[in-house]
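TrEMBL lists B:18-238 with the feature domain 'MacB-like periplasmic core'. As annotated by TrEMBL, domain 'ABC3 transporter permease C-terminal' applies to B:275-384. Per TrEMBL, the feature transmembrane segment maps to B:15-39, B:266-287, B:321-344, B:356-380.
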Amino acid sequence: MMTTKVHGKHGDFAIEAKGLVKRFKSGKSFVEVLKKVDFDARHGDLTMVMGPSGSGKSTLIAALSGLLRPEAGRVDTLDVDDLWKLSSGRIDKFRLDHCGFIFQGFNLFPALSALQQVEVVLKFQGLSKADAKRQATIALEEVGLGHRLHQRPSALSGGEKQRVAIARALAKEPQILFADEPTSALDGENGQVVIRLLRRAATEHGAAVICVTHDPRLEAWADRVIHIEDGVIIDDQRRTPNLDATLASH
Amino acid sequence: MSLALSTLLYEWRRYMAAVMALALSGLLVLAMTGVFIGIGKGFTAQIERSRADIMVLQPGAKNIMSGPSGVPRRFIPLVYNHNEVVEVQPLDGAGGSFQSVRNVDPTQSQADRARAGAPKMNYVQTRIIDTTPDAVTIPVDYSQQLVDALRQPYTVAVDETDLPKLGVRLGEKALYNGQTVTLVGVTRGYPNMMQPTVIMSRDTLRMVGQADTGPRVGPLMVKLSDPARAEAVARELNSMGAGQWRAWTRDELAEANAAGMFEEGILVIIIGGCVVLGTIIGVAITWQTLRGAIMANIKEFASLRALGVGMGSLRRIVMELSFWVGLVGVAAAIFLTWLVQLLAAANAVIISLPPMLLIIVGGGLVAIAMLSGLLSLGVLKNSQPADLLR
């Protein structure tokens, strides 16, 4: 039996998946989106999953994070053996305790200020009001929004909204951070801010950051780049990230 | 502030339809019920605003209007036996025809008079006051001048809302049961939607031959030295009476009078119908509005799910939201009803809103909102975080 460690140190496995298969019904036939994919990600790494649209990269992180049940294969993550054997309530709890999520759309509640967006999640985690506020403030300051705590999304720019979403994901101090096309709705300058924050989550917080993107310019920041096409991993390289890379606006 | 409450306040336009549906459902029920209670109040206002702290009725009486309400005259001295009783007067009243004599030519036929638009004959109910100073039968808002004026023989007063119907003006003469009376006073705040009321002194009632002079009199109105002790004294009077009578405090009787309206079968059908209609409309619109509003935020809910917030927590958010929508709906319903009440009062229609009615209808509206919330929980199934991944 394969086991993984909790609170992994840099380099320890955070997720190991074996033989993931996912099919979708398309008319009368099935389309196989993941074809026996093996995948792993380590703490402290910014792992980039790249591929054209429809390659199965988003389906992969949905299966890894407990959002979309695969037809076959297993996911061992942190101290959990076979995530998909847990009840859906336990999977939710696992995500609440250990996972952060960043989406292409920012998905912020229009009624809440930046501070409240982050607090809401922390309160669900069981933090007291005061602790949630303190931790949320720290998270927002870390993404450079210390001066925008009380703005609602309507008063924030796209880049600022994504930073709120990142703060919301990071405030929980997740060991695994999933990001799905986090920069594709942003201009070059804001995209750079966001990828640097993801880089820092890996380097400084030791999180396993798994970032799905089709933007090749982000590769420069990655420790590892995985290419996926038609549901199969075709390429898996380790590389040395260039922390001073720039993401020019295009 | 919670997520649900912030969302309701910030996106209030989205929830306006639900709030309005609840408010209008509430208005429907409150206004209809209020009007009927108001009709009842039209008959009992004079008693409820009297200086009587206690009223003594027959033991079987459920309220002032559904008898038996009269008592033997010998009860008057018996009630005086309680040492805190200051004054006891029987309630008296009658009814009769009332005809304005303005521009009346006695040689004209009824048909000619009707053609000329002359005031018609009306049947009125008659209420009395005693004109002794501070008598228990005088409503608290009657002026001294009105009491003094009514002390003159053959004088009457009517409410200002009845003036056009009766076709009389202050100072004019009219025929009450064929006897000439003079209108010396006009009251304000005593409208009666069903039948005009004429106020006269007990002495005038006797002079027109309608006073109770026999061994039975109307319910007894009792004034106490200390009105605050009404409840205790009523209890003591009841034990003194040993089952011969029942003493009611004024508030107790007013509630019984209002409740008595609802023993009428037709009222139960009308109001019950309003409640059923209001509930159906309220639930349908509130449910659909909540569904739409949740769908509008479904991506945000899905992102919370992705971050590990369970379905149960999202359901609680929706239920809390429904509760607040219900509460705002109650406030809006009461505000709208108050506006309608003002409008109605300007047209001499009383809409009476006892606190108990507001509490019951308010509770009902919150229940409707919560039920709508329950029905709309289904849409949360659409909060699939996997859909956010592309």
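Placement of Cβ uses the backbone N, Cα and C atoms for every residue, glycine included.
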Distal contacts, the transmembrane segment (B:356-380) - CB-CB under 8 A, six or more residues away: 18, 22, 25-26, 29-30, 33-34, 37, 255, 275, 279, 282-283, 286-287, 289-291, 294-295, 298, 301, 311, 314-315, 318-319, 321-323, 325-327, 329-330, 333-334
Non-local residues, at least 6 beyond the ends, that sit with Cβ under 8 Å of the transmembrane segment (B:321-344): 4-5, 7-8, 15, 18-27, 30-31, 34-35, 38, 286, 290, 293, 350-351, 353, 358, 361-362, 365-370, 372-374, 376
Per-residue pLDDT averaged over the domain 'MacB-like periplasmic core' (B:18-238), given as an integer: 89
Residue distribution over DSSP helix, strand and coil in the domain 'ABC3 transporter permease C-terminal' (B:275-384): 95 helix, 0 strand, 15 coil
